[in-house]
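Note sheet for the following structure.
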């Protein structure tokens, strides 16, 4: 029974936590109309681009299947070797790959200086050598397989971009905002490169089937038109999404920037460290995605591509890739948590994972096969270069963040998280403009002043007081007045006002201490003060008894009130002629 109650309480707690997180997300999304538009545009853009990319994947998979079926129908397999497309020329290698010293390769089709695509292609001719035609098109199957892998990675990339947008809204993070914009620009750039690449690939294909052993036979049919339309739709969708996101990012930047510098509750040092942590978080997320993408592409290439037959160290490659994939998730989690919580032990584990990832990524460049794939596959080269650069950048930023431990960021983030979970809205103040600043100064100038004098010469020093003081007499109404330096100086001028009783404001548990009071020199209202404040002061001082003679004042020993600072002259007859006692 007790166990069931604990489980039920735990489920209730998890449900409350999930509801609280959803409410926090809702509050962040509805912070302003720009944040709302940004979020819903990110959702809409993600859905559209995922659909477009899925369509592109289906088209490329269909093309790869068509080539594979044609090659298999002619009885051609990998035993004849591998064909590669290098700078428009088709090369067949029976051993190794181009660039190796011991490779055995021959030229099948040489690219001329100018390629001319025929307007009409023959569907079939009696003198076509179909096996040789199939061998000359083996490279196309690998290219379209690589394109399908690119489509899958790009599809996941758009989903990851949406998660980056969610993190941007949740953290109100300017670094994530900029990173999301640059990441979308990268997606748009790659889609435009894809359109251009498809055009070049189509021209090369027509050149191969026209001038090679295919004798104009086209096994792909109208597939190229579908591929062209899909690439153009993807480019247009990326351009529209980028333009819309860029416009909203500009508006959202103003909102987040103003709140970053106007939020109450953290010092400039905390904000500086927090900004550094946000930059580290962006780099960590980018490095995590690109490293995972590189790992997935490389595993797919050497495991299922034609290059598998020349991967002589396949087991070593596979072991390194599996280890990289295994370390990725813990590396991301440790990096995110250790820096924000300033956990030194977790940061040490994160550093070890970073070192292992850097060593394995660097070791790959020593492989001739890896370098060959980098030169032949532009998309993979882009992903690999970005992954390695971001991995190095993340490691450097992590070290910089480690030197910021102990400056209060962990406590600030913990308190902020607790307050958000408790439905607390953070406070902000407005910067205002020049006109508001002038109005504020005018209002300050209109505050009335109080004159104060004890019969002595004007004091030659000033007291800087930053609080509002409450002065009240026994059984009288309370007067609130500012204790600014100008008011303190003006309080030294009047010599005729009667004294009032000022009860000390310190905390105490003693009734006798609370009953004690301090007789201070007289207070009076300046002639420039408002009538209401002057009337209140006159009402307070009217019922007070006449002040004792000055000599009696100077010889009286006064008990220090609780909560008031002690002066060296407290309780003693002063030697300089000034009355003893406590002042504040």
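Yeah, the Cβs are placed from backbone N, Cα and C, and that goes for glycine too.
Note that the structure is predicted; figures quoted are calculated from it, not measured.
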Pick from 167-190, 191-214, 311-334: which stretch is listed in TrEMBL under transmembrane segment? 311-334
Transmembrane segment range according to TrEMBL, out of 106-125, 126-145, 146-165, 346-365: 346-365
Per TrEMBL record, range annotated transmembrane segment [choices 273-299, 408-434]: 273-299
Among 37-59, 273-299, 346-365, which stretch has the most Cβ pairs under 8 Å to the transmembrane segment (229-253)? 37-59
Quickly jot the same-chain residues contacting the transmembrane segment (37-59) by Cβ under 8 Å, restricted to those at least six beyond its ends, or write none. 29, 148, 151-152, 154-155, 158-159, 161-162, 165-166, 168-169, 187, 223, 226-227, 230-231, 233-234, 237-238, 241, 244-245, 248-249, 252
